[in-house]
Amino acid sequence: MKTWVFLALFGVVLVESKVFFEERFDSPDWEKNWVQSAHKGKEFGPFKLTPGKFFGDAEKDKGIQTGQDARFYGLSTKFEPFSNKDSPLVIQFTVKHEQNIDCGGGYLKVFDCSLDQKDMHGESPYLIMFGPDICGPGTKKVHVIFNYKGENHLIKKEIRCKDDVFSHLYTLIVNPDNTYEVLIDNEKAQSGELEEDWDFLPPKKIKDPEAKKPDDWDDRPTIADPDDTKPEDWDQPEHVPDPDATKPEDWDDEMDGEWEPPMIDNPDYKGEWKPKQIDNPDYKGPWIHPEIDNPEYTPDPEIYKYDEVCALGLDLWQVKSGTIFDNFLISNDPEEARKIGEETWGATKEAAKKMKDEQDEEERKRAEEEAKAAADAEKDEDDDDEDDLGDEDEDDLDNELEHDEL
């Protein structure tokens, strides 16, 4: 274990680097450490161990893949409880939507020890929910949801997730100075302060309930010119009879009624008259409601802290299955997590992309060959039909000649 220094708000804190949980699915007995939910009323789909259709390393890239369309997924594991007090909390894993997912979750949840693993479901209380979620073109985001004092709080910023078929590394870092960072593929996607980007606490300031805009406060930038008058020829009808229209020759007043020319837009119509606007000499600008300190606001230097972190789970719904989860890591060392990410996801990503490109090229060539074969077959069939027609024409000609000789 290495010891590193974290600069906290109230001084320097020595932190021993620890990995609290790690799962790379490098053992065929991985299922022994995980529990499948059997919550009543849910149809759960199976997970299978596989590197997928394309990969950089057949062994290193093995992960657990959702295996059935239109199913819930509920799988969890527990580990030795710990608290992230005075220490960063790092949550990291990879997600590979190789099925080109159209709607489904790719996130994980972190729980305390009260989780009933056999009954885990969507309403099971959790501490943190983190990871990508895709549904149609409108939802392609990274969830970062924290439970604070019994309530779940969603991030107020938008973080766009990756939506291709390759494996991507998602990392959440929560620091003891109440800051956070979200990384995608070891690059910063979002960061900030917990208090600002989530509604954990009431606002520091509120509008003064005793204050009100003075009656003589004029916030109109312009006013109607009191000296402006409407021109005498302004009022004109909006529509007038068409002067070029004539009564049809077959019009019968007794049968059709009195003929009236059709109405057309009046070119002289100017609409409703309004006096011109001038600068308001009494304009004071917009009135700003004064604010006061919120008596219900109390700062909390430990928003980041969880007293007991004990379990990790996948609680999902997927319309189209095929997502592969791998390289789960929970630690207190962001730099070590970065290195582990490069050793796992980073070490095989280029080779995986190369294999996918080769597969796509083979598929393109196969499609071209099939299309060419189909076109050739259609051409041969057309040629046969023309030959048959030619033979029929020759037979008809022979019959005509024989008939003429007779």
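Cβ atoms are placed via backbone N, Cα and C, with glycine included.
According to TrEMBL, the signal peptide annotation covers 1-17.
The disulfide bond annotation in TrEMBL covers C103-C135. Other Cβ atoms within 10 Å of the Cβ of C103 (disulfide bond) number 14 in total over all chains.
Annotated alpha-D-glucoside binding site per TrEMBL: Y107, K109, Y126, D133, D315, in sequence order. Cβ contacts within 10 Å of D133 (alpha-D-glucoside binding site), excluding its own Cβ and spanning all protein chains shown: 17.
What TrEMBL lists as region 'Disordered' is 191-294 (among others).
Within its own chain, the compositional bias 'Basic and acidic residues' (205-249) has Cβ neighbours under 8 Å at 259-266, 268-270, 273-280, 282-287, 289-294, counting only residues six or more beyond its boundaries. The annotation compositional bias 'Basic and acidic residues' is assigned in TrEMBL to 205-249 (among others).
Marked as compositional bias 'Acidic residues' by TrEMBL: 250-259 (among others).
The compositional bias 'Basic and acidic residues' annotation in TrEMBL covers 267-282 (among others). Beyond its flanks by at least six residues, the compositional bias 'Basic and acidic residues' (267-282) meets 218, 220-226, 228-231, 234-239 of its own chain at Cβ-Cβ distances under 8 Å.
Marked as region 'Disordered' by TrEMBL: 336-406 (among others).
Residues of the same chain lying 6 or more positions beyond the ends of the compositional bias 'Basic and acidic residues' (350-377) and with a Cβ under 8 Å from any Cβ of it are 53-57, 61, 165-167. Residues or ranges marked as compositional bias 'Basic and acidic residues' by TrEMBL: 350-377 (among others).
Taken from TrEMBL, the feature compositional bias 'Acidic residues' covers 378-406 (among others).
Here the compositional bias 'Basic and acidic residues' (350-377) has, by DSSP, the following mix of helix, strand and coil residues: 28 helix, 0 strand, 0 coil. Taken through DSSP, the compositional bias 'Basic and acidic residues' (205-249) splits into 0 helix, 9 strand, 36 coil. Each of the recorded positions Y107, K109, Y126, C135 was assessed for Cβ neighbours inside 10 Å, and the highest tally belongs to K109. In the compositional bias 'Acidic residues' (250-259), the DSSP tally of helix, strand and coil residues is 4 helix, 0 strand, 6 coil. The two recorded residues, K109 (alpha-D-glucoside binding site) and C103 (disulfide bond), have Cα atoms 19 Å apart. Closest by Cα distance to C135 (disulfide bond), from the binding-site residues Y107, Y126, D315, is Y107.
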